[in-house]
């Protein structure tokens, strides 16, 4: 592993070769790409699960569509991270991958948006679900979109680290702005998803095979890709990047280790603190994914009492769509809280006595919120029972309770988006891997739980007569366990850790 270690050292040396950090305006410009990326993610989380059910996929199998996310994340992020650490393009190490990711997003958006139209032109019968051809086109576009998003995010974060040049203050500022623009993208995405007449901005989106809900989805994605291409073009034209040249070894050759050799080496070198971090992170995401994948479906199905099945009545579909739009509004509130909390994570962490205490505490907030979905659901069911299956949706207090849960969940979500990455940069300083590859290893603790939820979520709910509540309850239990482990077995990072000088968070 000696050559691998030398190669990693060369990577780190050239990453920090900038004498001075870049100007703040350049860091803000690159951070703004997160708004375009997150706009698309927000639309995925709020609208796509209901959409695939409208195409005819049963609720219990809808979660399988989300398998593409963890699979592409498991493969794409480590590979992109590895190669972006070593890219020798004259345009720089990170910028070529960011451009490629933006181009792939464009292709994916058109496939997803026009899946129903393409499927119908290939022979799908609108009155005979499932629309198999549309589902196939949609799934292809969805997989490409996840690959593209994974191609974009890793190099963007690494580019910000390069621009910070090892300066602790600039690094913390860069990550704060990245999180802030993620929240901006979420707000825009969820706001667009909650507006039912958005398709009128682009009236040609509604066709015989693409109803109002489909046309709104199509319009939302057009707006998303427009924003992403705009901020990406402006940022990469404004912020230049130095080409990277490999450091030659004593024999005059560039040192290198094959990709799989380096990633296996990274795992081999992991110490107990990093393994504990991976376990806590995995449990944390087992808690998050059921709600992230089915939050708007829960609003439409359990809270509003609607049904998205192709055979459902028009009244039931309308209730479901009303609930999905209410869920998108809740996600917008969630994003607003997330944005403000992201800017205050460092200060709150210092007040609470450290990162692990803060992470452990907010995991209990997550557990309580997930458990409270049972209470909200029962109140909505009682209202429908007492009012003869009310067709006007839940009363105001039930809707307010559900929206409050969405908003409060922005607090633990802000912590989830920051602290694990900061701790990973601290605990893995001796792993011998480059920055991009280290983030890829942490990403495995996120994508594996998503695979578990995607494969087992629907059938697990079906065991309890359908609905989303069983998976939410399981998530509440996982959140509580992850909170306990964060407070008890997760080591506290040393205050003089070198990664505090370059990591995402500066508190200890």
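In case you wondered, yes, glycine gets a Cβ from its N, Cα and C as well.
The transmembrane segment annotation in TrEMBL covers 23-43, 63-84, 96-114, 134-152, 173-195, 215-239, 274-294, 326-349, 361-380, 400-424, 436-457, 469-490.
For the transmembrane segment (361-380), the partner stretch with the most Cβ pairs below 8 Å, chosen from 23-43, 96-114, 274-294, is 274-294. Here the transmembrane segment (173-195) has long-range neighbours at 24, 27-28, 31-43, 46-47, 156-157, 160-161, 163-164, 216, 219-220, 223-224, 227, 296, 324-326, 328-332, 334-336, 338-339, 342-343, 345-346, 414, 417-418, 504-505, meaning same-chain residues at least 6 beyond its ends whose C-beta is under 8 angstroms from one of its own. Among the listed stretches 23-43, 96-114, 215-239, 274-294, 400-424, the one sharing the most Cβ pairs under 8 Å with the transmembrane segment (469-490) is 274-294. Packing against the transmembrane segment (326-349) from elsewhere in the chain are residues 42, 45-47, 172, 176, 179-180, 182-184, 186-187, 189-191, 193-194, 295-300, 303-304, 355, 358, 399, 402-403, 405-411, 413-415, 417-419, 505-507: each is 6 or more residues past its ends and has a CB under 8 Å from a CB in it. Using a Cβ-Cβ cut-off under 8 Å and counting only residues 6 or more beyond its ends in the same chain, the transmembrane segment (23-43) has close neighbours at 98, 102, 105, 109, 145, 149, 152-153, 156, 159-160, 163-164, 170, 173-174, 177-186, 188-190, 192-193, 217, 220-221, 223-225, 227-232, 234-235, 238-239, 331, 335.
Using a Cβ-Cβ cut-off under 8 Å and counting only residues 6 or more beyond its ends in the same chain, the transmembrane segment (400-424) has close neighbours at 175, 179, 182, 274, 277, 280-281, 284-285, 288, 291, 295, 299, 303, 326-327, 329-331, 333-338, 341-342, 345, 349, 355-356, 358-359, 362-363, 365-366, 369, 372-373, 375-376, 379, 394, 438-439, 441-442, 490, 493, 499, 503-505. For the transmembrane segment (96-114), same-chain residues at least 6 beyond its ends with a Cβ under 8 Å from one of its own Cβ atoms are 33, 36, 40, 48, 80, 83-84, 87, 89, 137-138, 140-142, 144-145, 147-152, 154-156, 159, 205, 217-218, 221-222, 224-225, 228-229, 232, 236.
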